[in-house]
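Going by Swiss-Prot, these are the annotated features:
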{"type": "ACT_SITE", "residues": "HIS21", "note": "active site, proton acceptor"}
{"type": "ACT_SITE", "residues": "ASP121", "note": "active site, charge relay"}
{"type": "BINDING", "residues": "SER268, VAL330, HIS347, GLY351, SER352, GLU355", "note": "UDP-beta-L-rhamnose binding site"}
{"type": "TRANSMEM", "residues": "136-156", "note": "transmembrane segment"}
Amino acid sequence: MDTKHQDKPSILMLPWLAHGHIAPHLELAKKLSQKNFHIYFCSTPNNLQSFGRNVEKNFSSSIQLIELQLPNTFPELPSQNQTTKNLPPHLIYTLVGAFEDAKPAFCNILETLKPTLVMYDLFQPWAAEAAYQYDIAAILFLPLSAVACSFLLHNIVNPSLKYPFFESDYQDRESKNINYFLHLTANGTLNKDRFLKAFELSCKFVFIKTSREIESKYLDYFPSLMGNEIIPVGPLIQEPTFKEDDTKIMDWLSQKEPRSVVYASFGSEYFPSKDEIHEIASGLLLSEVNFIWAFRLHPDEKMTIEEALPQGFAEEIERNNKGMIVQGWVPQAKILRHGSIGGFLSHCGWGSVVEGMVFGVPIIGVPMAYEQPSNAKVVVDNGMGMVVPRDKINQRLGGEEVARVIKHVVLQEEAKQIRRKANEISESMKKIGDAEMSVVVEKLLQLVKKSE
């Protein structure tokens, strides 16, 4: 391992092994590398292979990729499964445990590289423990929303009290979901203990991927939950890059009227059920808007796309040229910034919500799992979208409701006000982003000075 960058303070970054965590860590790494920090970016080999091309091409002198090998004591986790991507859900906590068991290998990396600071993620307080063994300061970075993180922490430290920003029935439902999550275990440790330790071990402050422009009330609630200062780092959006494969999509978009297309995507790690797929398809047709649908099926899924979609759906959209279905990866940031896009039908993963906000695209929320319902509240709080309501009894998604909300956000008179608000938020987030990053750099340099 190359350790020759002694003229700059160095940060070893260790994200959780999921796309939604690795990508924001990498964007933060790029920004810090431009502020005279040398970055060691540490992950499993297959994650580095997936994310590393852009780094090696454009940041090879300032961001160094460091492989962390997980122990081979987990036969169900071969190298291709040392990431959450395409990992069967029942193996997630096997992966959490295997990651923790890599602590000795991580200690060897620390001993060799001797970084100035360590930045770690919510799932691995053990990384902070390892850092302190070598007298290295460690900082928690949360690539999640402030609403999700504050609600999580509230349920750990104040479980019997009302969370001040949710209605009682909503809090009751989401608290049940989050308490189930908090009581899952890996290596005999409950999630709630793992997460609390992650907060407690962070040195002086905690970084979080958000902006005061959109989540000020949730950020201001943190001091009542923990001793550390919470510092927003801004949106951390990856700059769109051009690939030849994008041409077909961009050409199709360019044929459409301004703000006439809905972009539909439900993330890279959640896969809608066949029933949800049918209702989304029905809603898109009933809304009569143009649309691009980034369509993904789980790799273990036996169905084809044609079998997953309603009968005749693909033929109908091809005939009327209303829609395009794209399987697999799509240039999401590039699509969202295109002038033809008038709405974003999204699962409300935090990365997608922030991208929609930065590019000023109104959001039609279809939250499906995890913290997505809480993220959707940020969209509504800021007046830049709506959530598709589900059946109150069985939580089923309905195509008619999908169509109604799409029309409201994209086509009807109210859409003008939503678009105006989306544009205002976009401009404000861009303006405040540099100031927020300046605070991050200042805080890190304070830690560097103390470590000298």
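Glycine too: its Cβ is placed from the backbone N, Cα and C atoms.
These figures come from a predicted structure and were not determined experimentally.
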From HIS21, SER268, VAL330, HIS347, GLY351, SER352: recorded positions whose CA lies within 10 A of the residue listed as 'active site, charge relay': HIS21
For the binding-site residues SER268, SER352, the one whose C-beta sees the most other C-beta atoms within 10 angstroms: SER352
Diameter of the UDP-beta-L-rhamnose binding set by C-alpha atoms, the set being SER268, VAL330, HIS347, GLY351, SER352, GLU355, in angstrom: 16
Additional residues surrounding UDP-beta-L-rhamnose, by Cβ distance to the SER268, VAL330, HIS347, GLY351, SER352, GLU355 centre under 8 Å: SER265, PHE266, GLY267, GLN332, SER346, GLY349
List of residues, in chain order, with Cβ under 8 A from that of the residue listed as 'active site, proton acceptor' and at least 6 apart: PRO15, ASP121, PRO143
For SER352 (UDP-beta-L-rhamnose binding site): DSSP state (helix, strand, coil): helix
Assigned element (helix, strand, coil) containing HIS21 (active site, proton acceptor), judged by DSSP: helix
